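What Swiss-Prot records for 63-99, 267-309 is coiled coil. For 64-77, 124-139, 348-363, 378-389, the entry in Swiss-Prot reads compositional bias 'Basic and acidic residues'. If you look up Swiss-Prot, you'll see 324-336, 439-448 marked as compositional bias 'Pro residues'. Summarising the annotation, Swiss-Prot assigns compositional bias 'Polar residues' to 425-437. Look at Swiss-Prot and you will find SER197 tagged as phosphoserine, backed by a large-scale study or a structure entry.
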Amino acid sequence: MDRRKKPLDVTASSLVDLKAELFRKQEEFKQEKLLKDSGVFGKPKTTNKKPSIWSKQNVGVSNRAEKDAEQKIEEQKTLDKAREKLEEKAKLYEKMTKGDFIDEEVEDMYLVDFTQKIIDKRKEMEASGAHRDSQKAGERDDDEENLPEGEIPPPQDPSEEWVDYVDSLGRSRRCMRKDLPDLLEMDKNLQGRLFISPANEKTLLSEDMRKELQRQQWEEEEREALKRPMGPVHYEDIRENEARQLGVGYFAFARDKELRNKQMKTLEMLREQTTDQRTKRENIKEKRKAILEARLAKLRQKKMKKSKEGGTEEENRDGDVIGPLPPEPEAVPTPRPAAQSSKVEVIVQERKDTKPGVPHIREWDRGKEFSFGYWSKRQSDLRAERDPEFAPPSDYFVGQKRTGFSSSQAWSRPGPAQSDPGQCPDQSHGPSPEHTSPTPAPDNPPQAPTVTFKTLDDMISYYKQVT
């Protein structure tokens, strides 16, 4: 049986589906053809392909790639910051090498002496320039010496011949003949540019035309002023084309309100920064002054200590202290000879670590009775020679009457520790009549009455009250 004549078992629904699919394909073909004719290309068809085993990635590859990208970004940021820091340091170093310091006090913070480096660099440049000039002069002399004495032969090409000419400024020039036309053209252009000035350009306009231009400019400014909202009138609004120069202290603010406020804020911020820097500078100066004064005070203390050890304490105090001096014992006079009988001298040694003029008391000497003499001080010659105009005010000595009384006394030792059998007790403990006499000699200055002490404790308590 022939296959072509064999009937096909096809249902009606399948035939309808086939016709519908055929019709849809025909319509798609017609649409594509129309789009091609009109010049519009349709979207390419997307083909859904199954991913192959080669396109499949390993687990965690994308995460590692993201981490690497983040790490590269962080490294790039760190590198950019380091580059910015290095550029800032390079600019700062370049400024310092040129001598442009931010502040004079900042110069002391650095270990490098940039001022000396600038001086050395200039000296080196001057030396190298002088050496180079001397070398050039030597080479020029050598070339002149090596030139032949004969005449220089003329050039083979006449265009290479040297010619002299005078430019528009009256200067004598020398060039090759082939370059002469170009140089003359340049000179002509330069001469024309020099003689055309802004003043000459203004003269090209008549007075009426200039007034008309000014009127038009004024009208434009008035229109802009009408468009702006009502507000305060500033100097820049009425200045117009003023030719007066207002100096470096004048700042031209903008006419726009927002821009003007921004400029004023910036100017205020700069003023505050300047004030803060000035205050910091003053504080630094005060700290340095305080440190210097503390050092000087330490040096004075050391000097006083050395002078006390060397026995020149009184001279240093007279030179340093201003005002009323505390009572201090002066040079001990020679003891007067006792008329009644021989007496034992009691020498009191002063410790260097105690107050001057007050002897040190040992623990086993407290409460003992000694026949010490009395203090008698006389007025210092320096104070006597002093001009009353330069003396301290009298109010300083209101509560120091006893001090002045005791300052005119000197220490003497008239009595022994124990009296002789033939001597009266009042003579051994009391002063002699010649010492207690309040009537001074006609030639000697008046002396104050004496003060006697029975015990060492009485004497110390008295001098504590006095000093």
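Including glycine, each Cβ sits where the backbone N, Cα and C put it.
Secondary structure counts, DSSP: the compositional bias 'Basic and acidic residues' (124-139) has 16 helix, 0 strand, 0 coil. Cβ atoms under 8 Å from those of the compositional bias 'Basic and acidic residues' (124-139) belong to no residue of the same chain, restricted to positions at least 6 beyond its ends. Under DSSP, the residues of the compositional bias 'Basic and acidic residues' (64-77) split into helix, strand and coil as follows: 14 helix, 0 strand, 0 coil.
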